[in-house]
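Record features (TrEMBL):
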type	residues	note
DOMAIN	B:105-340	domain 'ABC transmembrane type-1'
TRANSMEM	B:12-36	transmembrane segment
TRANSMEM	B:111-132	transmembrane segment
TRANSMEM	B:144-166	transmembrane segment
TRANSMEM	B:213-232	transmembrane segment
TRANSMEM	B:263-284	transmembrane segment
TRANSMEM	B:317-340	transmembrane segment
Amino acid sequence: MKPLLEVEDLKVAFDTPGGRVEAVRGVSFTLGRERLGIVGESGSGKTMTGRAILRLVQPPGRVTAKRLAFDGRDLLSLPERGMRALRGRRLAMVMQDPKYSLNPVMTVGRQLTEGLRRRDRLSAGAARRRAVAMLEAVQIRDPERVMGAYPHELSGGMGQRVMIAMMLIPEPDLLIADEPTSALDVTVEAEVLRILDGLVRERGLGLIFISHDLPLVARFCDRVLVMYAGRVVESLAASELEQARHPYTRGLLRCLPAVGGPRGPLPTLRRDPGWAE
Amino acid sequence: MPSRGGLIGRRARGLAGLAATLAATFLGLLFVTFVIGRVIPIDPVLAIVGERATAEQYAAARHALGLDRSLLVQFGLYLRDVLSGDLGTSTLTAHPVLEDIGRVFPATLELATIATLVGVLLGVPMGVSAAVRQGRLADQAIRLVGLFGYSMPVFWLGLMGLLLFYGDLGWVGGPGRLDTSFQFVFDLDVPRITGAILIDTALAGAWDVFRNALTHIVLPAGVLGYYSLAYVSRMTRSFMLEQLHQEYVTTARVKGMPEWRVVWVHALGNVLVPLITVIALSYAQLLEGSVLTETVFAWPGLGLYITNALFSGDLSAVMGGTIVVGAAFILLNLLSDLLYRLVDPRAR
């Protein structure tokens, strides 16, 4: 079967007045209709990897790759118009914090139906029905009222469910979730993840789940990429996380507290400059 | 999410609060103009009776003006007069001040309105284009145009404009609102409905007068409009740059929205929130009577009126003009507050 996404030697660099900053330095992986986790600390390049796939890196950022293909189509040579069509229909991304990722001066309804109305030329009524159905699918109890609400009138968990609904409305093939729960409370996080998990399974999407939370990714995904300083340092099945070999991954795992474990100070990650090479 | 009824109640309370603030501000304004009227070194009695009046004549005039009573009583009387629409009589024109202002203010209003329209209709698109092309040639060019407008004194720009477009090229009308010949036609045949010359002549169907008025207003409105454009485009650019870095802009792109929609609908909708205040302030500044522009162009507006009144010690006219300017500021603030609520759901 043809893979959904092929990434080979992906690089993202920024030319700044202070010199060239390389955020992603040669990332390669392929993705089928599976759930891939990308973990790493802040600045490891995981978010930039996600945005480069959607070609959303803004100048002065520059994206290069030996191969970056979605469903067999080369994304880097695709004209902007073709890329827009892919973004609206087949590729989607849920971002970190609904407080910032939803437009504050537009009603939820307008934001949800925008794609259906503008691109798919659906009538107002039909678009609205689709949006309400999608809000129900993300388990919002009062979808009619939420449609008329503004983002600041929603709680974080509701906002993120609206975001997920908005991204799943066009029924994409690949969803990138960039730290979708790190702005939420732990209890709300579990609920949003459960909804996301259900929809991804039910619809058979490919998912790239970006997070800094290693155990969460291990529970949620089939496969895990561990990134460090713009590179993938380890790639392994989520179930084999315990057998991770790279000292960075092992170090991360050791830093996690365990319920009922020893109460002494947690070990500090000792970094080896060699990891970044 | 509050219920609808609660929302309406909250909105009503908000508006009531706004009205109270406005009333208090207006009272403060009256107090300040009153105090100014008492402290500036102009003797209103002397201005009326002249230097050769006897002490009895002086005292009688002083009594007639109520200046021999306590300040508090004077302020009370002043309040009563102003609130009943009596701003006193101008010693310079011998007309009631309110009548004078009714005649000169529309000229300023017309000029300021056209200038603001020019500033907004050109300045906003320019600012947006500059922000979208940040650092590129178009951005540099637009910023240069803005910088020039910022740094040139308005009277110099006005004089140079007159010299070139009126003196040398003869493309536009000269100082004043009309050529003298048309002034007669205007005075005799055109009823004053709004006081704005372009609107009144258009309503009366006096198109030759209209065209002449247009050639006269183009230059002063253009100069003030350029000034407003410089300010509006600069602020729009910086607000837009800030919004383009927000995450919701990325969301719109992820949804596959075309770039024009991302910029002109998603980002601009958020830029409008702070921009409304900027536009209102710039408009208010123009309304205040651009004294220099009105002097250069012999434009019979409020700025020129207040200046002339000031130089001839016409205290009632100065105070009346100040009240009108202040009231215009307050009204524009109210308007921008209301518009602000309209574009920003968080402020409701």
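Keep in mind that glycine also has a Cβ here, set from the backbone N, Cα and C atoms.
Looking at B:12-36, B:144-166, B:213-232, B:317-340, the range that has the most CB pairs within less than 8 A of the transmembrane segment (B:111-132) turns out to be B:213-232. The recorded stretches the transmembrane segment (B:317-340) and the transmembrane segment (B:12-36) share 3+ CB pairs below 8 A when only pairs 6 or more apart in sequence are counted, and are therefore in contact. Contact between the transmembrane segment (B:144-166) and the transmembrane segment (B:12-36) is not supported: fewer than 3 Cβ pairs lie under 8 Å, counting only residues 6 or more apart in sequence. Sequence-distant neighbours of the transmembrane segment (B:263-284) (same chain, 6+ residues past either end, Cβ-Cβ under 8 Å): 112-113, 116, 119-120, 124, 128, 132, 228, 231-232, 235-236, 239-240, 243-244, 246, 248-249, 252, 257, 328-329, 332-333, 335-336, 339-340, 343-344. Long-range contacts of the transmembrane segment (B:213-232) within its own chain (CB-CB distance under 8 A, at least 6 residues past either end) are made by residues 110-112, 114-120, 122-124, 126-127, 145-150, 154, 157-158, 161-162, 165-166, 171-174, 176-179, 182, 186, 197-198, 201, 275, 278-279, 282-283, 286, 290, 293-294, 296-297, 299.
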